[in-house]
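Some features that TrEMBL has for this protein:
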BINDING   Lys56, Asp313  FAD binding site
BINDING   Gly178, Gly179, Gly180, Pro181, Val182, Ala183, Cys184, Glu185, Glu201, Gly267  NAD(+) binding site
DISULFID  Cys47-Cys52  disulfide bond
DOMAIN    11-322  domain 'FAD/NAD(P)-binding'
DOMAIN    360-464  domain 'Pyridine nucleotide-disulphide oxidoreductase dimerisation'
Amino acid sequence: MAESTVDHSWDVIVIGAGPVGENAADRARKAGLTVAIVEKHLVGGECSFYACSPSKALLRPVLVTHASQRVQGSEGARVDRDGVLARRDSWIDNLSDKGAVGWLDSAGIDLVRGTARLAGERRVEVEGRVYEARHAVIVATGTAPLVPDLPGLRDANPWTNRDATTSPRVPERLVVLGGGPVACELAVVFAAIGSEVTIVEQEDRLLGRMERFAAEAVAAGLREQGVRIRTGAAATKVTRPGQGGEVTVDLDNGESVVADEILVAVGRVPNTADLGLDSVGVATDEKGYLPVTERMEVKGAVGDEPWLYAVGDVNGIALLTHMGKYQGRACGDLVGARATGRPVDPASMTPWAEGLGTVQVVWTDPEVAATGLTEEQARERGIRVRVVEVPMDSAAGSGLQAEGYQGRARMVVDEDKGTMVGATLVGQDVAELVHPATVAIVGEVPLRTLWHAVPAFPSMSEIWLRLLEEYGI
Ligand SMILES: Cc1cc2nc3c(=O)[nH]c(=O)nc-3n(C[C@H](O)[C@H](O)[C@H](O)COP(=O)(O)OP(=O)(O)OC[C@H]3O[C@@H](n4cnc5c(N)ncnc54)[C@H](O)[C@@H]3O)c2cc1C
Ligand SMILES: NC(=O)c1ccc[n+]([C@@H]2O[C@H](COP(=O)([O-])OP(=O)(O)OC[C@H]3O[C@@H](n4cnc5c(N)ncnc54)[C@H](O)[C@@H]3O)[C@@H](O)[C@H]2O)c1
């Protein structure tokens with residue numbers, strides 16, 4: 001493409017202003033490069049407006065109410081439906097991205113509004129204008145909800161995460177397709193604010209990527225909260241005769257579920273269609289994700305030097321904000337170093353810790369906080385594994401946190417190295433307990449050294465001491 005056709009040039013162009021694109025852009029800018037970020041909808045992305053932030057804003061009042069009801073002397077808290085929805089509206093700023101745009105401005109990152117496509121090496125086209133990236137293009141376009149090809153489903157105009165996290169309406173009966181984190185978290189919310197919720201999951205369990213005992217505890221909690229769970233049941237047909245009217249989901253076991261709204265939460269599809277990948281010689285994998293090297297360089301891109309990168313959900317490595325942001329930071333630093341001729345430091349400019357497994361918290365009641373590898377993943381990697389488990393109430397702090405505290409902690413140990421490679425905690429308020437385990441895993445801290453990291457009494461952190469004692473230290 002001739003230089004004269006270029007409308008503007010920056011050192012770096014980031015496509016997609018979700019949390020991951022923002023982080024990559026920020027690090028490249030901090031390296032002294034000029035940076036533009038292209039966004040077709042809201043700066044802040046799916047995470048800020050339709051996913052992490054609204055779902056957690058909705059969940060917090062519910063979880064804190066449940067928690068207070070478990071503490072003698074503080075009974076009487078109740079969920080205020082309108083207050084819950086108002087808190088959500090405030091967190092998503094009524095779908096205004098003014099705050100995030102202000103941040104881009106303060107960070108010195110230029111915003112280009114519109115839908116971007118690649119248009120050859122180092123070229124990005126946005127609504128008919130062609131821009132040049134002198135050094136790098138970073139794709140951070142994220143994912144969209146997957147709506148499967150189920151007879152009648154699309155015609156039923158189902159809710160996706162976008163509707164469920166922004167709706168001012170609370171359906172009387174809600175059927176949720178899928179039993180992953182989206183389904184479980186939103187089931188907690190809607191059950192608490194007045195819906196009769198049914199989850200339909202085709203596998204024999206919820207939360208398929210987590211330890212089975214954790215999924216079972218979440219299922220038991222959901223049932224206690226009034227949620228009906230149909231596992232091992234695949235939907236075969238959806239019928240909704242009137243727009244917005246009653247919806248019926250037929251299952252392959254002959255049963256059917258009738259509801260007033262249907263939420264589809266069966267996973268994601270990457271936003272890579274119509275991204276102009278042909279123009280740069282790139283093919284996606286069979287699910288549509290962008291294949292990348294360990295340095296987030298898109299495989300197969302034309303050109304002699306690396307210039308095209310993909311970070312966050314769109315590369316399919318880990319569909320989690322924090323893991324994507326980690327990739328984004330490393331990628332922004334790498335692009336900055338390469339562009340300015342500074343040495344490339346693999347220890348900080350490669351997101352190598354992903355290889356140790358991801359950390360994830362699911363904010364159900366009970367919560368699940370997991371880091372590193374599950375027992376199964378560790379065995380699959382050929383690690384000589386020992387699994388240690390203790391009840392959460394073996395830490396005195398748990399009993400003080402809630403009367404009759406229920407929960408379980410599991411540590412997965414690499415017996416050859418004498419280090420922790422994974423941990424899963426299930427129980428109320430475990431989300432903030434998991435980070436020390438991530439530090440121990442990433443730092444490969446020997447269990448014998450961890451024994452000297454003394455947890456305060458009577459905190460729930462003593463669970464780490466109980467696990468080490470159970471191991472035999
Ligand atoms: C209901 C729900 C709850 C979740 N909760 C959590 C949680 O608690 N913790 C967690 O870690 N993860 C959570 N996730 C996952 C998390 O939302 C994603 O991992 C995260 O949003 C990925 O960030 P991203 O920047 O890669 O993509 P996104 O947030 O999807 O942002 C991509 C951006 O790119 C823009 N874009 C796309 N194509 C183009 C184009 N061609 N041109 C210009 N712009 C474009 C989009 O408009 C969007 O703004 C949740 C997901 C869901 C659905
Ligand atoms: N707290 C968090 O960290 C958090 C919260 C929400 C979402 N997320 C992330 O967002 C991503 C998307 O989450 P998700 O829950 O949509 O997807 P998921 O892939 O994690 O789970 C989808 C579930 O739907 C089931 N399923 C698939 N097709 C089905 C069908 N036709 N009928 C019934 N069940 C079906 C699958 O077996 C699976 O259990 C995940 O990677 C998740 O980790 C994270």
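Cβ atoms here come from the backbone N, Cα and C positions, even for glycine.
Take the CB of Glu201 (NAD(+) binding site) and look out to 10 A: across all protein chains shown you find 27 other CB atoms.
Maximum C-alpha to C-alpha distance over the listed NAD(+)-binding residues Gly178, Gly179, Gly180, Pro181, Val182, Ala183, Cys184, Glu185, Glu201, Gly267 is 14 Å. Of Cys47, Gly178, Gly180, all annotated as recorded positions, the residue with the shortest Cα distance to Lys56 (FAD binding site) is Cys47. Counting Cβ atoms from all protein chains shown, Val182 (NAD(+) binding site) has 24 others lying within 10 Å of its own Cβ. For the recorded NAD(+) site, residues Gly178, Gly179, Gly180, Pro181, Val182, Ala183, Cys184, Glu185, Glu201, Gly267 set the reference point as the centre of their Cβ atoms, and the other residues of that chain within 8 Å of it by Cβ are Val176, Ile199, Leu206, Leu207, Ala265, Val266. In the structure shown, across all protein chains, Gly178 is the one of the binding-site residues Gly178, Gly180 with the greatest number of other Cβ atoms within 10 Å.
With DSSP classes pooled into helix, strand and coil, the tally for the domain 'Pyridine nucleotide-disulphide oxidoreductase dimerisation' (360-464) is 33 helix, 34 strand, 38 coil. Among the recorded positions Cys47, Cys52, Asp313, the residue whose Cα lies closest in space to that of Cys184 (NAD(+) binding site) is Cys52. In this structure, Gly178 (NAD(+) binding site) belongs to neither helix nor strand by DSSP; it is coil.
Taking a Cβ cut-off of under 6 Å from any atom of ligand 2, the binding-site residues Lys56, Gly178, Val182, Glu201 reduce to Gly178, Val182, Glu201.
Ligand 1 lies within reach of Val182 from the binding-site residues Gly178, Gly180, Val182, Cys184, Glu201, judged by a C-beta closer than 6 angstroms to any of its atoms. This prediction places the mean pLDDT of the domain 'Pyridine nucleotide-disulphide oxidoreductase dimerisation' (360-464) at 98.
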